Amino acid sequence: MDNKISMDNKISDDRRSFIKKVLNGTIGGSLLLVFSAGAEIFKSPEDIPAQIPSLKNKEYEITKAHFAFIVDITKCIGCGSCCVADKREYNVADGYYRTWVERYLKDYDDNVYVDSPKGGLEGYQSPREDIDVKVRDTFFVPKLCNMCKEPPCVQVCPIGATFQTPDGFVLVDHKRCVGCGYCIQACPYSVRFLNPVTKTAEKCSWCYHRVRKGLQPACVSVCPTGARKFGDLNDENSEVSKILKGPGVITVLKREMGTFPGLYYIGARREVI
Amino acid sequence: MDAIQHISPYLISNYVFPNDIHVHWSMMIVLYPYITGLVDGAFIVAALYYVFGVEKLKPVARFSLIFALAFLCCATLPLLLHLGRPERNLNMMITPSPHSAMAGFGYIYGISMGVLVLIILFIYRPFLVEQRLKSKGVMEILYRLLTFDSTNVSEKSLNMDKKIIKFLVAIGIPIACVLHGYVGFIFGGVKANPTWSTPLMPVIFLFSACVSGMSAIIFAYIITKTFTKQKIDMDCLKILVNTLAGFFILAFCFEMLEVFSHTYLRSGYHHMVEGLLNGPLRDSFWKYQVLYFSVVPLFLLGFICLLPIKQWLYKFTAFITSFLLLLQVLFMRWNVIIGGQLMSKSARGYTEFHPEWFDKEGIVAVIIVMAIPFIILFVLGRIFPFWEKDSVN
């Protein structure tokens, strides 16, 4: 008897919630028709705007693009989403990193404490407890391939397996690489490693396969705060173009190496290496 | 962390870039310059006799050449073992990048090997002709090949041989210097590594190569002559030891100059490398490379070169010194190659390296790779007798 009553109540609850959902859906759907922005999702996949405006609905012209990557340190919250996206996109082996996030702490004596547990893959959920100092400043620094204009890794590769594309990407031909590791030694930014499965050199490619389709790199598309920006410098309306031509201090890492990186940092302190 | 803080005030958190935890160039890359160094040093000994006419070196001149060939045969072995994809190694010859220092290895190695083989064949030609006439079957075919199918040992022909030998050894000297200077340049050309990136690196490598090669010849000469109960030519040994002393003083001076000039300058380089030499490399650099295997041999060399001592003591001290110097060069290679990679490019910390026993580049593999040249040397010794008295000359 009790069971029957509870069953009736459940059916009644389900029915009520169903009606509620239908009503919500109807109202929501009507609003979508009113607000054009929301209606975008109903368009066919071909009409989805390209993530990189200059490439929207255009054939990719390799010689006409000049890409730049900007990392805004002031916006990075060290969530590690970029590292997770990267690991899933490329199935990066444990213990190796195409991109990682560093945590910097600075005390009142100007001492700098840096760490990057698991490359920041799990984010920085808790403060560092191993340091007993009063912290003056703290910030996160994402690292990835600098896509140098004068890449030491391309220079040293004995067989040309690491090469530079006309649109500024430094890529690795895995079918040709012999796995000598000279590029690993030559990279001043330590973004290279030997893939333990393919036994060839590997590095961040700024998601070249995505960019060719007009999509943003995986890490850029998942960054919740917009700390990672990517775009074509030849497109005057692109965000990266406006940032690099605009005011403010923008820097590159290890300038003294003479590699002329295509990766720029906003808000990088001098402590960042 | 306290230890690191004690080493350098610039290293607070001992932070190593995540990809720097792995030492990519390990034991095999230590062996690679070590073996090429032995080749070069041994070749220089032969060149002193064949080109510069140092007659007293005649007893070891031919042995030096065969020794150099045995080790040159194995110079590529460590590199192949090190490669992630060794089956693609010929890509270095098929699609070489003109910008890369390493791309020249195959060509420089090939030229060195060609010149060395030709030198040996011309030097041994009279002996090989004699063997050819004596032997039959497979051995005859072998000797036919080795003598270019010529049995002409007339005086005119031998005089021509001498000219050819002199020319080949003369071009062999720069090739030997290029081979090892180039190996040093492969490291010196890596600007991202502050311990490697110095124009002195090829020079240091070259002199240490001469030291290791000469030490190996002295060591092998004393040990084989003693075990086979043959007489050691004291004049030859003395000139070898004196030359070794000269090269070692130069090598050690350059090694120390590199460290001390930067220490005096106190540049960024110094602050980064100071922690390395006083931290992870404290024992292997200061204690072993500098103190036990450089300063001690330096005194021993001074002792036997400058003081009139008895023959048995001279031989014994020369034997010990050459052995210590072989270790010195091995430690130098280790400290440069492994040590250079222990320092992260973050310039904030050091990683660790513990060699494994059974790894592709492990200790057992090192022992096997180092044993192979001696096996080749033994086989070559059957075809090309080492010591002068065995020759028809």
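Every residue, even glycine, has its Cβ placed from backbone N, Cα and C.
Summarising the annotation, TrEMBL assigns transmembrane segment to B:31-51 (among others). Same-chain residues lying 6 or more positions outside the transmembrane segment (B:31-51) and placing a CB less than 8 Å from one of its CB atoms are 57-58, 60-62, 64-65, 67-68, 71-72, 74-75, 78-79, 82, 112, 116, 119, 123, 165-166, 169-170, 172-173, 176-177, 179-180, 183-184, 205-206, 208-217, 240, 243, 329-330, 333, 337, 366, 369-370, 373.
Marked as transmembrane segment by TrEMBL: B:63-84 (among others). Residues 25-26, 28-29, 31-32, 35-36, 38-40, 42-43, 45-46, 105, 109, 112-113, 116-117, 119-120, 123, 213, 216-217, 220-221, 360-361, 365, 369, 372-374, 376-377, 380-381, 384, 386-387 of the same chain sit 6 or more residues outside the transmembrane segment (B:63-84) yet have a Cβ under 8 Å from a Cβ within it.
Under the heading transmembrane segment, TrEMBL lists B:104-124 (among others).
Marked as transmembrane segment by TrEMBL: B:164-188 (among others).
Proximity of distant same-chain residues to the transmembrane segment (B:200-224), defined by a Cβ-Cβ separation under 8 Å and at least 6 residues beyond the stretch ends, is recorded for 33-34, 36-45, 59-60, 63-64, 67-68, 177, 180-185, 187-188, 230, 232, 236-237, 240-241, 243-244, 247-248, 250-251, 254-255, 257-258, 315, 318-319, 321-323, 325-326, 328-330, 332-333, 336, 386. The annotation transmembrane segment is assigned in TrEMBL to B:200-224 (among others).
Taken from TrEMBL, the feature transmembrane segment covers B:236-257 (among others).
Only residues 6 or more beyond the boundaries of the transmembrane segment (B:290-309), in the same chain, are considered here, and those with a CB under 8 A from a CB of the stretch are 241-242, 244-245, 248-249, 252, 255-256, 317-318, 320-321, 324-325, 327-328, 331. What TrEMBL records for B:290-309 (among others) is transmembrane segment.
Sequence annotations record features per position, and here TrEMBL assigns transmembrane segment to B:316-343 (among others).
What TrEMBL records for B:363-384 (among others) is transmembrane segment. For the transmembrane segment (B:363-384), same-chain residues at least 6 beyond its ends with a Cβ under 8 Å from one of its own Cβ atoms are 27-28, 31, 35, 62, 66-67, 69-71, 73-74, 77-78, 81, 120, 124, 127, 142, 146, 355-357.
Sequence-distant contacts of the transmembrane segment (B:104-124), counting only residues of its own chain at least 6 positions beyond either end whose CB sits under 8 Å from a CB of the stretch, comprise 39, 43, 46, 50, 62, 65-66, 68-69, 72-73, 75-76, 79, 92-93, 96, 146-148, 161, 164-165, 168-169, 171-172, 175-176, 178-179, 182, 384, 391.
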